[in-house]
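Below is one structure, written out as structure tokens, with a few remarks after it.
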Amino acid sequence: MASNEELQTDPTALTLYKDDIEFKKEIPKDLNIDCSICLAVILDSPSQASCCGQHFCGPCIGKVNACPQCRAVGDKFKVFKDTDFERRVGSLEVYCLMNWDSDDSCDWSGELRHLQRHLDDSCPYVEVPCPNHGCNKSGLLRCDLKEHVKKYCPMRPYKCRHCDFRDTHKFVTEIHYDICPLFPVCCPLNCSKGKTFPRNEIEDHIKRDCPLQPVECTYSWLGCEEKPARRDLNRHCSKQHKYILSDVCKELCHESQKMADGLNANETHLEHYKTEQGRVDEKVSQLEKKVTLLEQQLKTNEKSHNERTRHLEQAVTEMNRELQQKIRALDRERANLQSSCNNVSYSVK
């Protein structure tokens, strides 16, 4: 026998009620498969009370200290796992819970002990979660899962049809397509119905090719402020500016004559400037010659000055030498006189 605390339970065990199960055969009368505590079919660690022989679910009986059936307590109330009862209940033949006697229901049948594994692993009509992160699809059946993941899941991996960008189908189609540089878009001026351009080319199309894009008149420099469509530019120029061009030609001829007259006057001034330039060049040449002559004289004077300075320095040096010699001679004479004076003084004493 085992105590209530020693019973091993299965946390993943299926909770079923007898009325929810369709049995292939009638349940033997001596086999009471209902737990009197939770009222479910006894599938999780079937246990028997020693006091009255009643069977319970392991987790249910493990929570009480007295027999729910006969109220026995203490040593009279012992609980042990009944493997024979577990075998008998598990071997009952049942149909799948998803069998609704219709074409879109599960036709599986087998032992009750295998029902949970069937529902967890293979029943096509069990609701399952989508494996794609972020998908909250509810009511998804296992039989529809493959198609959902491949074709319909908004969170399935998806590659942009126009570039190499990859993300979820939802992000690519709802966000990326609005900024994809290669996504086909129509001209905003609707210049060619049905024709599309990659998004990154639409600006150049409008700037250079679009026949409906307003453009400046060729003669805007003459004051025309109209902006006809590119396709109408030639017609606009040929019809609107015939008289303007005639006036402009007259004005240009007048300006051309003024420029010619001005050019002739400039040529006269140029000849005068050339004559004056010749005179200036001659004066510059004379000044350059004078500068050269002065530079030569300066060099000669500088050389003479340097020579005189050298002679003076030599004379000063010689005079200093002679002066030093005379000073030394005088010093000797003074010393001799001093010596003589000293001798005379000594003699007098």
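Cβ atoms are placed via backbone N, Cα and C, with glycine included.
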With TrEMBL as the source, which of 26-71, 118-163 is set down as zinc finger? 118-163
Number of helical, extended and coil residues in the domain 'TRAF-type' (176-227), per DSSP: 17 helix, 7 strand, 28 coil
